[in-house]
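Here's what TrEMBL has on this protein:
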type: ACT_SITE; residues: HIS251; note: active site, proton acceptor
type: BINDING; residues: ARG53, LYS159; note: NADP(+) binding site
type: BINDING; residues: HIS189, LYS193, GLU227, ASP246, LYS351, LYS356; note: substrate binding site
type: DOMAIN; residues: 17-198; note: domain 'Glucose-6-phosphate dehydrogenase NAD-binding'
type: DOMAIN; residues: 200-498; note: domain 'Glucose-6-phosphate dehydrogenase C-terminal'
Amino acid sequence: MAKNNNHKKPTATVVFIFGGSGDLNQRKLTPALYNLFIDEFMPDNFAIIGTGRTDYSDEKFRGHLLQGIKEFSRRKDDKNATWESFQQHISYLRMDADKPEDYNGIAKIIEDREKAWGEHPNVLFYLAVAPQLVPDIATNLKKLKLCKDKNNTRIVVEKPFGHDLQSAKELNSLLTGLFEENQIYRIDHYLGKETVQNILALRFANALFEPIWNCNYIDHVQITAAETVGVEDRGGYYEQAGALRDMVQNHILQVLCMIAMEAPVSFEANEIRNKKSDVLNAIRKINKHEVQKYAVRGQYGSGWMQGKKEKAYREEKGVNPESSTDTFAAVKFYIDNWRWQGVPFYVRTGKHLMEKTTLITIQFKEAPKYAFPTEASETWRANRLTISIQPEMDIRLRFQAKRPGQTMSLNPVDMVFSYNDNYDEPQPEAYETLLLDAMMGNATQFMRGDQVEIAWEVVAPILETWESRPPVDFPNYAPGSWGPEDAEALIARDGRTWVTLPPKKDRKES
Ligand code: BG6
């Protein structure tokens with residue numbers, strides 16, 4: 001068990017999970033809270049209340065959550081004794097989110113807790129619900145007296161945050177009309193990933209990288225977020241989303257901000273968020289007439305993947321058989337500021353691709369070869385820093401080395417830092433980090449309203465163009481491939497190629 005030696009615990013907290021009986025709570029939220037409990041990050045006084053319309057007794061609800069822990073938690077082998085004491089903090093409140101009178105139950109629970117604990121608790125309302133329910137719930141919550149407590153009452157809103165710029169603006173204006181910005185936690189789980197957080201350490205805790213982290217030395221940047229799964233049972237949601245909305249507008253642009261932002265002067269929430277907003281603001285808006293030049297969409301057809309026959313997207317449950325929804329998106333962005341002038345950022349994401357991998361590549365410019373004999377430079381490669389976010393968690397720096405022998409012959413080698421080889425402690429899941437931050441009132445790794453809106457502005461020309469011009473070639477990639485051919489062309493036109501990790505068997509020593 002990892003001991004909590006240097007971390008403050010939140011003070012007494014009540015967490016309400018709207019959508020308590022849903023998937024997100026069973027797979028992610030309760031397992032995360034349970035791991036925080038095991039690692040001694042939960043306060044002495046805390047309560048977790050699931051709310052929803054399903055009729056659960058406390059006991060049945062706890063059983064449902066335990067099932068989730070057994071199936072989905074990173075720790076499956078914990079002693080029953082830990083669960084026994086954890087579950088006493090969990091209860092269920094049956095309520096109709098659209099009935100204002102049902103919210104009295106919430107007020108009552110908080111009053112009771114306050115009396116029993118003798119202290120005023122933090123209250124976290126976690127909205128793990130369909131986006132259309134958010135406005136009603138937020139409006140009803142606001143009527144509770146406790147929501148006026150700006151310092152201790154917070155609302156966590158899951159993605160998707162809006163469907164486009166207009167709806168995101170409306171949602172922001174509704175939420176900021178009800179709560180202060182510092183009470184609103186817009187979650188993007190990528191920001192809680194250990195390897196994503198490490199980007200700040202890599203860039204700003206080392207003197208090595210920052211001086212060359214700019215357009216003078218960097219040729220281009222790539223971000224790949226590839227998944228092997230298809231849309232699974234989320235066809236209904238995905239039809240309204242597509243890859244660009246589901247992954248690029250949020251996760252990928254947030255990661256891009258971490259790579260491209262200026263050095264912060266502190267880790268204070270608004271300082272970090274200002275620096276990220278600067279990046280988003282500097283991303284060149286793609287002209288609608290040029291979308292084809294900068295963006296590629298794809299949709300998977302049917303085919304064989306790892307020995308299994310996979311359905312085409314259009315055959316998935318909840319999907320229109322003539323759907324134009326993108327299950328793959330690749331975009332070339334430019335950031336118009338001094339640091340990044342002229343450096344393309346290529347990003348791509350998709351379902352049913354060859355490998356599950358999230359990978360960032362910083363490709364440096366080539367060093368001049370003049371001093372070396374021609375044959376020495378046959379395998380000349382530019383330096384490259386590859387940051388694997390998942391499932392591998394490593395950073396590899398590629399540089400040229402001399403092959404042993406009497407001739408000057410070079411070849412590229414990797415210097416590898418791997419989390420697993422360096423640390424024994426297990427990595428916390430993103431939701432553990434983010435829930436703890438939300439309980440502590442630290443919004444650094446959450447998105448501010450303006451960031452979400454600018455991110456929508458960035459993708460808007462692509463979304464609008466795609467919507468107005470239905471694709472003629474869908475489905476255009478096979479499951480198990482790296483997406484449509486046009487995505488290769490997008491980068492090949494610039495004389496570059498997408499980077500993947502070396503084959504698994506060669507990874508350590510490549
Ligand atoms: C979610 C998307 O936000 O992120 C999913 O809605 C996607 O479609 C998921 O599968 C990917 O998250 P991760 O952590 O598995 O990379």
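Note: Cβ is positioned from N, Cα and C throughout, glycine not excepted.
Structural mapping of features recorded in TrEMBL.
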residue	record	CB count, 10 Å
ARG53	NADP(+) binding site	14
LYS159	NADP(+) binding site	18
HIS189	substrate binding site	18
LYS193	substrate binding site	23
GLU227	substrate binding site	18
ASP246	substrate binding site	23
HIS251	active site, proton acceptor	22
LYS351	substrate binding site	25
LYS356	substrate binding site	13
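In this structure, none of the binding-site residues from ARG53, LYS193, LYS351, LYS356 has a C-beta falling under 6 Å of any atom of ligand 1. The average pLDDT the prediction assigns to the domain 'Glucose-6-phosphate dehydrogenase C-terminal' (200-498) is 95. With LYS351 (substrate binding site) as the anchor, the candidate recorded positions are ARG53, LYS159, HIS251, and the one with the nearest CA is HIS251. Cα proximity to LYS159 (NADP(+) binding site) (within 10 Å) is found for none of the binding-site residues LYS193, GLU227, LYS356. Residue pair ASP246 (substrate binding site) / ARG53 (NADP(+) binding site) shows a Cα separation of 27 Å. HIS251 (active site, proton acceptor) sits 8 Å from HIS189 (substrate binding site), counting Cα to Cα. Of all residue pairs in the substrate-binding list (HIS189, LYS193, GLU227, ASP246, LYS351, LYS356), the one with the greatest Cα separation is 20 Å apart. DSSP assigns ASP246 (substrate binding site) to a helical segment in the three-state reduction.
Between the C-alpha atoms of LYS356 (substrate binding site) and ARG53 (NADP(+) binding site), the distance comes to 36 Å.
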